[in-house]
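Right, one structure below, let's go through it.
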């Protein structure tokens with residue numbers, strides 16, 4: 001509670017921190033940021049527009065060379081950035097008048113956020129006013145207050161663009177700013193003149209990292225997806241060899257497992273190529289991203305359905321799902337639609353276009369459906385274990401106990417990881433820990449792979465499929481139960497009677513007649 005109070009006090013004393021938090025939901029996951037007649041937002045005594053924020057690595061060369069083709073360098077390039085002010089504002093000046101309006105582009109590293117505005121002056125103002133100038137606390141009235149970092153005098157960096165005469169438009173000079181320090185960078189376009197209220201911005205900026213256009217926060221994921229593609233390929237190869245080796249003993253469940261492995265392999269490969277394309281072009285290719293999102297949603301859906309049908313004992317305790325098949329398929333269809341919608345918003349649409357409430361509306365159905373899957377899976381597992389225990393099918397019972405323990409551990413890990421994710425996002429709202437943020441989405445892919453691997457080990461094709469395959473059973477009697485208990489010679493009365501009847505059927509008519517005579521003699 002104390003930390004929250006201190007944080008709110010800091011937000012009150014430094015409006016720029018509040019601005020940073022307000023624009024977090026409008027970050028665009030792309031290295032080429034396009035602006036299309038975007039409006040400026042009023043805050044304190046300034047107007048600002050968030051031009052982008054990305055994690056950038058330090059250039060390998062300390063040269064100030066501005067060529068965008070210089071390999072190994074990180075930079076932010078301004079291309080055709082144009083500011084358009086209202087006609088009324090332009091008409092207030094003379095044709096021959098110079099510098100009739102100022103718009104500033106400010107590049108800062110997130111750790112220098114308190115150096116923008118008057119926070120270090122104990123003021124909530126962002127722009128310099130006459131009173132602060134008279135106190136020698138800022139230099140020029142009408143400009144954003146900036147205190148340069150003594151360790152890195154180049155940051156925060158200010159680039160000025162002036163309107164001239166009565167012109168309504170001004171094009172920012174095309175230039176490239178090289179990044180020489182690794183960090184999370186923010187770009188703002190700001191102006192202090194109230195007469196420029198209503199000004200809009202269009203054009204684009206290009207952000208590039210040392211090894212390509214992929215943002216630093218996403219760069220490790222490309223390597224991760226590459227390794228996961230190889231992991232799925234290896235799993236698929238081993239599973240295929242077992243599948244071919246024991247193809248005569250294959251059950252329906254093995255085909256479901258094969259489909260999930262194939263989809264996982266395609267999902268990881270498509271995501272890798274999507275990131276590689278993004279890294280080389282600077283934009284997310286809609287076609288490849290759409291395929292990646294669809295593969296991901298289909299694989300998530302089939303993985304959950306696989307866990308559900310295995311928990312129900314499909315192919316092991318029961319030959320079919322019976323009347324609940326339609327309900328299982330309906331749940332899978334609804335989950336696919338909800339997951340696809342959420343993935344499309346996160347990867348295809350600009351986060352700019354969706355408010356936090358809209359994203360929350362898409363997240364909630366997925367969370368609720370995941371909860372339904374978990375409850376149904378454990379409820380089905382409980383019934384399956386009870387049925388196997390009643391039938392004294394010890395081999396299958398042990399198999400399902402191992403599966404249940406694995407599933408329970410995965411659920412506990414998921415809950416713990418969700419708690420860590422919430423804590424991580426709450427304590428790092430400005431992405432200062434961006435270098436380790438990639439482990440959050442990577443964990444879920446690793447967990448899904450681990451669960452699939454466990455299922456492949458437990459239900460691997462073999463020459464003895466009866467240990468997990470469904471066998472026709474009559475009178476709730478299990479032959480395996482007999483074999484496991486016959487050595488002890490403690491059979492139930494019903495079992496002994498059935499065996500005695502079988503022996504009698506195999507005896508000759510003479511033996512039976514003699515037996516009856518002996519019984520009659522005894523009675524007499």
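Placed from the backbone N, Cα and C atoms, the Cβ positions cover glycine too.
Annotation comment: TrEMBL describes 220-465 as domain 'GOST seven transmembrane'.
Under the heading signal peptide, TrEMBL lists 1-30.
The feature transmembrane segment is assigned by TrEMBL to 218-241 (among others).
Here TrEMBL flags 253-273 (among others) as transmembrane segment. Sequence-remote contacts of a segment are chain residues at least 6 beyond its ends whose Cβ falls under 8 Å from one of its Cβ atoms, and for the transmembrane segment (253-273) they are 221-222, 225-226, 228-229, 231-233, 235-236, 239, 243, 288, 291-292, 295-296, 298-299, 302-303, 305-306, 309-310, 314-316, 445, 448-449, 452, 455-456, 459, 461.
What TrEMBL lists as transmembrane segment is 328-348 (among others).
Residues or ranges marked as transmembrane segment by TrEMBL: 360-382 (among others).
Summarising the annotation, TrEMBL assigns transmembrane segment to 403-424 (among others). Sequence-remote contacts of a segment are chain residues at least 6 beyond its ends whose Cβ falls under 8 Å from one of its Cβ atoms, and for the transmembrane segment (403-424) they are 307, 310-311, 374, 377-378, 381, 385, 433, 437, 440, 443-444, 447, 450-451, 454-455, 458.
According to TrEMBL, the transmembrane segment annotation covers 436-460 (among others).
Most Cβ pairs within less than 8 Å of the transmembrane segment (218-241), among stretches 328-348, 360-382, 436-460, belong to 436-460.
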